[in-house]
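Asker: Pasting in a structure now, in structure tokens, and then I'll have a few things to ask.
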């Protein structure tokens, strides 16, 4: 017997379909406004577009305004759509404990299909198997792999850790980036993983033990004055606390936060942390030392403006990240011009790269 399946459209799908048509209609009006005879002003349609998007996706108007300032108009609808789509689930193989090919074979025997990206196939894979507890499997608990989003690999690529180096992760918890740094160092050298929040260090300690990390020292200092405790690091990573505007898909509360005060609080801390990271690093005598600044925010106030502040306060130089993907940093914002080398920074967006929104800057400390 042959069964013919008919596709049923849910009320939510109907609502989204109607919304998409309406938004596209408003966008068409704005694009062709000069050629049309409308009683309402162009500004009216811009405000209508924002209102419709805020109501449908449940955003605060202030946050939506900030996104409209930095996302190209032609991409704005796709940007908001992709903000709410789940990112690919990724595992990172831990070759400290097991060869990558072995864990791949184990996973495939369990019926788990691994999608290998050409840029990451030697250490990570996208996974797709509903109903499997990837965070509670025997292999996960044994430390053969860990769960980690693609975009969180990018700062480590820029940092480029090497064996026997002395490296600082200034805001390390919960430890995904620290453990990958240690893995690339082949468990050699010294990695100092610091976090001010003592309760968050519990997850860091747990991950370190599970993954078999041995070259790590965990500290619980205020990162903004860390240079008063230790200096002389070859490389420093500061994945700074931020508003999280690049990871809205993981936490819907971000959409409704009081964004103006959140930006003010975070940017003040980010400036202090970046200066502390610079002061904790060695001068770049051999062209190998660097500081990498990153956030999971796409707001310019938490990224380019923080880097510009550091340029004005310290003798530094923005370096190419070494990443072959991502969009360049902004060179101006609200009549403020940034240093021309800001183009070396890298930005990632959900609707462009299908990863969490992210910002990365690689810095050289000059004598």
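Keep in mind that glycine also has a Cβ here, set from the backbone N, Cα and C atoms.
In case it helps, TrEMBL gives these features for our protein:
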DOMAIN    79-366  domain 'SAM-dependent MTase RsmB/NOP-type'
BINDING   171, 172, 173, 174, 175, 176, 177, 195, 222, 239  S-adenosyl-L-methionine binding site
ACT_SITE  296  active site, nucleophile
Asker: Compute all pairwise C-alpha distances among 171, 172, 173, 174, 175, 176, 177, 195, 222, 239, the residues listed as binding S-adenosyl-L-methionine, and give the largest one in whole angstrom.
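Answerer: So the maximum pairwise Cα distance among the S-adenosyl-L-methionine binders is 20 Å.
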Asker: Three-state secondary structure of residue 173 (S-adenosyl-L-methionine binding site) from DSSP?
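Answerer: In the DSSP reduction, residue 173 (S-adenosyl-L-methionine binding site) maps to coil.
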Asker: Rounded to the nearest angstrom, how far is the Cα of the residue listed as 'active site, nucleophile' from the Cα of residue 175 (S-adenosyl-L-methionine binding site)?
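Answerer: The Cα atom of residue 175 (S-adenosyl-L-methionine binding site) is 15 Å away from the Cα atom of the residue listed as 'active site, nucleophile'.
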Asker: By the DSSP assignment reduced to helix, strand and coil, which category contains residue 222 (S-adenosyl-L-methionine binding site)?
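Answerer: Once the DSSP labels are grouped into three classes, residue 222 (S-adenosyl-L-methionine binding site) ends up as coil.
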Asker: Near residue 222 (S-adenosyl-L-methionine binding site), how many other Cβ atoms are within 10 Å of its Cβ?
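Answerer: Around the Cβ of residue 222 (S-adenosyl-L-methionine binding site), 13 other Cβ atoms lie within 10 Å.
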Asker: If I take the alpha carbons of residue 173 (S-adenosyl-L-methionine binding site) and residue 296 (active site, nucleophile), what is the distance between them in whole Å?
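Answerer: Computed Cα spacing between residue 173 (S-adenosyl-L-methionine binding site) and residue 296 (active site, nucleophile) is 14 Å.
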Asker: Show which residues of the chain containing the residue listed as 'active site, nucleophile', separated from it by at least 6 in sequence, have their CB under 8 Å from its CB.
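Answerer: In sequence order, the residues whose Cβ lies under 8 Å from that of the residue listed as 'active site, nucleophile' (at least 6 apart) are 151, 242, 244, 245, 246, 247, 356, 357, 358.
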